[in-house]
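For 20-43, the entry in TrEMBL reads region 'Disordered'. Summarising the annotation, TrEMBL assigns compositional bias 'Basic residues' to 34-43. Feature annotation from TrEMBL assigns site 'Important for autoinhibition of adenylyltransferase activity' to Glu115. Annotation source TrEMBL lists domain 'Fido' at 162-321. Annotation source TrEMBL lists active site at His256. If you look up TrEMBL, you'll see Asp260, Gly261, Asn262, Gly263, Arg264, Leu265, Thr266, Arg267, Tyr298, Tyr299 marked as ATP binding site.
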Amino acid sequence: MAGFRGLRWFPLGLSTTLRPPDRQSRFPRTTCRMPRKSPGRPGRWRGYRVPRFRCAGNGRCCAGKSGCPWACRWNRRCRSRTQDDREAHHCGAPTLRRSVSAALLQNIVTSSAIEGERLNVGSVRSSLARRLGIANNGKQPPRSEGLAELVLDATRRHDQPLDLQRLYTWHRWLFPAEDSFVSARILAGQLRSDEPMQVVSGRLDRPVVHFEAPPRALLAQQLDDFLDWFAASQNDPGLDPFVRAGIAHFWFVTLHPFDDGNGRLTRALTDLTLTQGDQQAIRLFSMSASILDDRAGYYHVLETSQKRTTDITEWLEWFLRTLLNSIEHALVRIERVLAKTRFWQLHNGDGLSAEQVKVLNRLLDGGERGFEEGLSAAQYQAVAKVSKATATRHLSDLLGRNCLTRLPGGGRSTRYQINRPLP
């Protein structure tokens, strides 16, 4: 094996250290795993043959054999990174589709959280990613698939009419028949039963009725009136699209047409109304997230306005104020994405380690986990999971490459912040 040295035997099999003489100290060690057949028993596998090697940095491994199925497709320094880190390192930043997916995911999760329900975030994320063409992770549980279908139908098919059958479909997606534990106690895809629909709290013997929906006998006609107004008001030049969304939200949630899920369907309907207003299927803000931030205020203003007759001014003021908050939060996230794009475009060829990329992405993402007050050496060590000496060396390297800047102060209190390129 010309050009390489270091052949060693281990008890579990052959372990080969392939080290180009001129690259012995520059590239870290990695491991490929290949199964080994048991002697005399074709088709059975026992243990692993584990060759160790040092990559020459040219995107090839396994002794440079291009036909090897374990050959590197990218530099060794990128192999252990997550998909997002690789995209940030090579391609510059998260794509628009990933930003849209993140906003939709936040909308789904927070809309359920308003009702006190906690979702499997990973499952819902996978369902959205598959539908947006980001990844193909296979089908997820019916509930996650239904929630993804619901939010995409509301935002991407805004040109389709809203009728009773579409509402039934939304409700079945919210409570799929395959989820027998949930669907067994709910009339999925049907209007609610004849029992009074009330929102109550307090003790069982002394309940406090916050709201009572219209009687079932009047529901069908009132729902038809709402759907007629919704269709007629879409092209009304005298009605502001944001005000229309607030009216639609209040009207539908007051009708409470289904046994359960009315709040989540109302917020999906709000997304549909807002999408119709700007004729844009891309939603980078989450109204549900802002509602969750003021959940108590949401229920209070709904209860207060529903007890009145026709004056919903207080509700519309709260709705528009909350919508403005959600848009402002979205603008902050968009600016972070753009700043992240500019940063990685500038430092794409710096050859940073996986640990350095991980920490830089945390700083670029900002927020509560982004070390807004600066990053210390101890925090770098904890995030990157490296030794103190390695953390010091990495930070010095990042300072030299102008990836970080040192904040005022010295000694153990020294902190660093991301050096964001100007727009």
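Yeah, the Cβs are placed from backbone N, Cα and C, and that goes for glycine too.
Whatever TrEMBL says is automated annotation, not expert-curated.
Taking CA atoms as the reference points, Tyr298 (ATP binding site) and Glu115 (site 'Important for autoinhibition of adenylyltransferase activity') are 12 Å apart. Counting other C-beta atoms within 10 Å of each candidate's C-beta, the binding-site residues Asn262, Thr266 are led by Asn262. The DSSP secondary structure for Glu115 (site 'Important for autoinhibition of adenylyltransferase activity') is coil.
Neighbours of Glu115 (site 'Important for autoinhibition of adenylyltransferase activity') among the recorded positions His256, Arg264, Thr266, defined as a Cα within 10 Å of its Cα, are Arg264. The ATP-binding residues named in the record, Asp260, Gly261, Asn262, Gly263, Arg264, Leu265, Thr266, Arg267, Tyr298, Tyr299, extend over a maximum Cα to Cα distance of 18 Å. Cα proximity to the residue listed as 'active site' (within 10 Å) is found for the following binding-site residues from Asn262, Arg264, Thr266: Asn262, Thr266. Other Cβ atoms within 10 Å of the Cβ of Tyr298 (ATP binding site), summed over all protein chains shown, number 19. Same-chain residues at least 6 positions away in sequence with a Cβ under 8 Å from that of Asp260 (ATP binding site) are, in sequence order, Phe175, Ile186.
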